[in-house]
Amino acid sequence: MKTNSEIENRMQDIEYALLGKALVFEDCTEYILRQLVNYEFKCSRHKNIFIVFKHLKDNALPITVDSAWEELLRRRVKDIDKSYLGIMLHDAMFNDKLRPISHTVLLDDLSVCSAEENLTNFIFRSFNEYNENPLRRSPFLLLDRIKDRLDRTIAKTFSTRSVRGRSVYDIFSQAELGVLARIKKRRAAYSENNDSFYDGLPTGYQDIDSKGVILANGNFVIIAARPSIGKTALAIDIAINIAIHQRRRVGFLSLEMSAGQIVERIISNLTGVSGEKLQRGSLSEEEIFCIEEAGNTIRDSHLYICSDNQYKLNLIANQIRLLKRDDRVDVIFIDYLQLINSSVGENRQNEIADISRTLRGLAAELNIPIVCLSQLSRKVEDRANKVPMLSDLRDSGQIEQDADVILFINRKETSPNCEITVGKNRHGSVFSTVLQFDPKTSKFSAIKKVW
């Protein structure tokens, strides 16, 4: 890792190069000045030059060596002479090392240097705090303090980075990561493999997947229903489709059921042996053979179940990051949202809002779909048709705002059919479809059409 002095020297070089480009190239002057508004300059001379450039720009005055020098004199800035501005202009125009580098690349380099500086400071201060009193202080208290410092470091780093906007054409045309490149990759995936889910995952249900990409990368997805309607069953069914049939990596955080109970549901789903028979043990030799075969099937899958009773939001967020970093999961399921506790404890509504915002941010940060199960309020029971609505989401309207997709399950107890309604879809259409539900195996399937 670089030392602070090395990072600071590099940042001063970038400051110099950016101010030179702002002085010479009028087409990028405004952009550069806008990106440096909240930047903490490492060189006081560069800070004063930036202030002068911004003053000239804000007052519709030309930014030249002469105009900048006159303004510096008016402000009685004594540590800069006119020759420094002249050299800055010359280097921006003719220096072989500086001239070819675009201002956007320099701004990216400055963001990286700022992040390195923040990270170095975080490690240094955390190490010093540990060494101050390593034996007397509770390790849990120390970890909490380090975690708080890390959160502040991350917030500072990304708040500075997010200030910088980009032109529409840059976003469209950027190599590898631009919109055009992504569209071409989607087309290639569809043309070569008939794959319509380059940026996401199919649920495994044709009636849903043909109408939209629900599990798009970065999506925060809510599956909502009243108790005992099939939220967990649907989540497990989709997880099986992704992990076993699509050979992708899945993380499943169960706050309600044990890992063993989840696996029993998976076995029942795969074998068709009812959950009740698995619990009672009233199994035939043929059924035992099917269960062993199912074990061979799940052995080669990458479905990771976490059920260690971690209800605190910060611990769940850390667990999700570890699943992404260590197990490289493609999707996360959480069962369920109302069991999570947040440190924002003014009231339950604010707590749920904090949980929702955090999970939404994690989905975007890790660029994977996060699917969270949620209960509905009792208002849906008071409605004549029992059809769920967005306003039925329990405890907080923030869930409705944060979610990219909200999927409702509606099932009459006497009917084997479930209505699956996409009540919100930020990036596509809303729709409804019907799936068949087998309560014995907790399995959803397409309704067989009779011709």
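The backbone N, Cα and C atoms fix where each Cβ goes, glycine too.
As recorded in Swiss-Prot, the features of this protein are as follows:
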- Ala225, Arg226, Pro227, Ser228, Ile229, Gly230, Lys231, Thr232: ATP binding site (BINDING)
- 194-451: domain 'SF4 helicase' (DOMAIN)
Quick one: give me the count of other CB atoms within 10 A of the CB of Gly230 (ATP binding site). 23
Intrachain C-beta neighbours of Pro227 (ATP binding site), sequence separation six or more, cut-off 8 angstroms: Gln375
Please list, in sequence order, the residues in the chain of Thr232 (ATP binding site) that are at least six apart in sequence and whose C-beta is under 8 Å away from its C-beta. Glu256, Met257, Arg265, Asp335, Tyr336, Leu373, Ser442
Please give me the CB contact count at 10 A for Lys231 (ATP binding site), counting all chains in the structure. 22
Around the Cβ of Ile229 (ATP binding site), the count of other Cβ atoms that are within 10 Å: 20
For the binding-site residues listed here, Ala225, Arg226, Ser228, which shows the highest count of neighbouring CB atoms within 10 A? Ala225
Determine, for the ATP site, the additional residues of the same chain whose CB lies within 8 Å of the mean position of the CB atoms of Ala225, Arg226, Pro227, Ser228, Ile229, Gly230, Lys231, Thr232; present them in sequence order. Ala233, Ile409
